[in-house]
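Here's the structure we're looking at; comments come further down.
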Amino acid sequence: MHKLKWKTFKLLTLLLYGGVFALSGCAASSAVDEMKEKTKETNTSETGDTVKVGILHSLSGTMAISEVSLRDAELMAIEEINESGGLLGKKIEPVVEDGASDWPTFAEKAKKLLQKDKVVAIFGGWTSASRKAMLPVVEQNNGLLWYPVQYEGMESSPNIFYTGATTNQQIVPAVSWLLENRGKKFFLLGSDYVFPRTANKIIKAQLRAEGGQLVGEEYTPLGHTDYSTIISKIKEMKPDVVFNTLNGDSNVAFFKQLKDAGITAKDVTVMSVSIAEEEIRGIGGDVLAGHLAVWNYFQSTDTPENKVFVEKYKKKYGKDRVTDDPIEAAYFAVHLWAEAVKKAGSFDVDKVKKAADGIEYKAPGGTVKIDGETQHTWKIVRIGEIQPNGQFKELWNSGKAIKPDPYLKSYPWAKDLN
Amino acid sequence: MTKKGWLYWLFFLALFAAPFYLTEFRLSLLGKFLCFAMIAIGISLIWGYTGILSLGHGVYFGLGAYCMAMYLKLESSHGRLPDFMEWSGVHQLPWFWKPFEHPLVAISSAIIIPVLLAAFLSYFTFKNRIKGVYFSLLSQAVVVVFVTLFIGKQEWTGGTNGLTNFSTVFGFPLSSPFTQIILYWITVCLLLLIFLFSRWLTVSRFGRVLVAIRDGENRVRFLGFNPTTYKVFVYSLSAAFAALAGIMFVLQVGLISPAMMGIIPSIEMVLWVAVGGRSSLIGAVIGAIVTNSAKSFFSENYPDIWLLFLGGLFIGVVMFLPNGLAGVYQSFKQRKGQREGKTHEAGSHVSRSVGGF
């Protein structure tokens, strides 16, 4: 009996689904039309006196330690704009979402911000993986994403503005400077993921072209903490420079063990691309003292805009907080967007994109300008030496802003890379 | 049974009609959760029914998803080299990528590869009578191996970024709401089929052997059954469900990366089943949907402290509902039965879990 009823149930279900399928087939197309109607009606969030923008960073998980301060900087910039009267007569209303250090979550939340909240722009992301996850979403929904972190280049989406450095505004000038000032023998060390691998490919091509010598190349998994083997290799190879693309906790382990092994900045220069003031706080300035990093902005950068920025940030979020390159890039991204909106006279994505070309803004790190063709930013490159107090002493800067070249088209040696 | 049947029926009907009452965004979320529900059914089969705790189902999910993603990536590259290969210094499509140009090859290998891996793995462990916590640890090790491999072979797999940015499937644009609705319905159908099949399996003689293996593997062996065969079969079956889920996940979410096959997602999968009630198929489905909906709901409304709510939910369920959400229904029914003075047919744990809901 038990079985019989179960069978009837199955049969009934199948029959019903057949029916529903047939019905829904007809209904689906009308549903789609309806949905389109719905989206048309509320295509923007410019209702009333406010306009919504999305802020999408990891507020939990491994990346939270870095990304929370980007959210703070963006909220501060939005507050500034609102205090000075808003944009086109409207106040900006930030919608904050948590990407949770999880790439599908970034895609999900980006979709939510664009489709449900109808935000006119999203400021967000840190890792390349999170950007790659959001890219198809913003392209399909014709959204606008402002990505504020240095990255490996080789990308130029029509719906993303990149306010962090691409490779020719960070890695390439750093390698040239090192070859001139520190020596020819390079040791490459990185975490095992896309950014270090791509960066090192570029560095190797550049070393070949500019007469450098590669003595070692090592990758460790993210979160790796035992560097004794690699440090003994460094001891053995005696490179002039260790080019460090490690990310996250690994840096703490690597630099502490390097110091314990008796290797100081006088013996080997370690040049890092992912260690800024925020990370130095975690590792300790005394451990890192004398080593180098390359960025477009330091908290110590001496401009009138930066004085105001640092003071304001500390006043708002606490005396012990520091500012750094990604924080600055996140901050001026909001202002660049606001300038573009003002110029366009509209929040419409296509109009803002068009208006953005050539827009300038006096950022804390110096004047930045949007390059309309690549949607990257012109930025000044700076190399700094880490001081025991956790700040940078600038050793060199490029003087003027460097044109972004994400595909390294203007470098003959980079031809084979793409 | 009839009443229960009606409930099932209503539940699936509600799922089927979702495109009519949910917005495009909510629908895509539900589609994703239903993929997770497929995995949950598989885990309920091996964990709740057979007593094998696998903390490595992310691998089967990931492999299925990657196979499908390879096809999608090739289709969206229009005969050119996929973008990540270009910047990783690969000049020619690797030989093992070539067959994935054909959708049928991609879909069938998306299921066959994970199933073969699961069968291979489980055969050698179960044959050697490795079980319990040792098997769980082993399944974790497999996860680590695959995640490391997929990140390290960036030029073949896209590294940590994974495979993303697809445009079309069989020529239909993935971004169009119509394609998304069709994909959603396919997901519901697959979930229903998986559910009916598993249901049939668990009420059959086969299902009783599985429960017997859980409760006393040696006795089953003395009775003349070979537990290894049963365990290998059911483990491979759950891998197939996870792989199917992977295929539908990639189609609807448009993204797969090693992070999604890692240790944390693998453990999360077990958590969904624990919340729903591990020895109940429908409980597992509901657990996957409820847990993930709660995650979305909390994180949207309280982006700063949502993890606390989610943690609270898990602790609450484990402390007060040891048999998960399905256990609530069971005890409610039992109490009602006692009040009416009837002895409940499902007195013992064994027959209760075979009963399902």
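Cβ coordinates come from backbone N, Cα and C, glycine included.
Keep in mind that TrEMBL annotations are predicted by a computer and have not been checked by a curator.
Copied over from TrEMBL, here are the features:
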- B:6-22: transmembrane segment (TRANSMEM)
- B:29-49: transmembrane segment (TRANSMEM)
- B:104-126: transmembrane segment (TRANSMEM)
- B:132-151: transmembrane segment (TRANSMEM)
- B:182-201: transmembrane segment (TRANSMEM)
- B:232-257: transmembrane segment (TRANSMEM)
- B:269-290: transmembrane segment (TRANSMEM)
- B:305-329: transmembrane segment (TRANSMEM)
Segment proximity, the transmembrane segment (B:132-151) to the transmembrane segment (B:6-22), 3 or more C-beta pairs under 8 Å: no
Closest-packing stretch to the transmembrane segment (B:182-201), where packing means Cβ pairs under 8 Å, from B:29-49, B:132-151, B:232-257, B:269-290, B:305-329: B:29-49
Same-chain residues near the transmembrane segment (B:29-49), Cβ under 8 Å, at least 6 residues beyond its ends: 15, 18, 22, 57, 61, 180, 183-184, 187-188, 190-191, 194-195, 198, 201-202, 207, 210-211, 214, 234-235, 237-242, 244-246, 248-249, 252-253, 269-270, 272-273, 276-281, 283-285, 287-289, 292-293, 296, 353
Other parts of the chain folded back onto the transmembrane segment (B:132-151), taken as Cβ under 8 Å at six or more residues beyond its ends: 52-59, 62-63, 66, 121, 125, 157, 159-160, 258, 261-263, 266
Same-chain residue ranges lying at least 6 outside the transmembrane segment (B:232-257) that approach it to Cβ under 8 Å: 28, 31-32, 34-36, 38-39, 41-43, 45-46, 49-50, 52, 54, 57, 60-69, 72, 107, 110-111, 113-115, 117-119, 122-123, 126, 158, 160-166, 169, 174, 180, 183-184, 186-187, 190, 194, 210
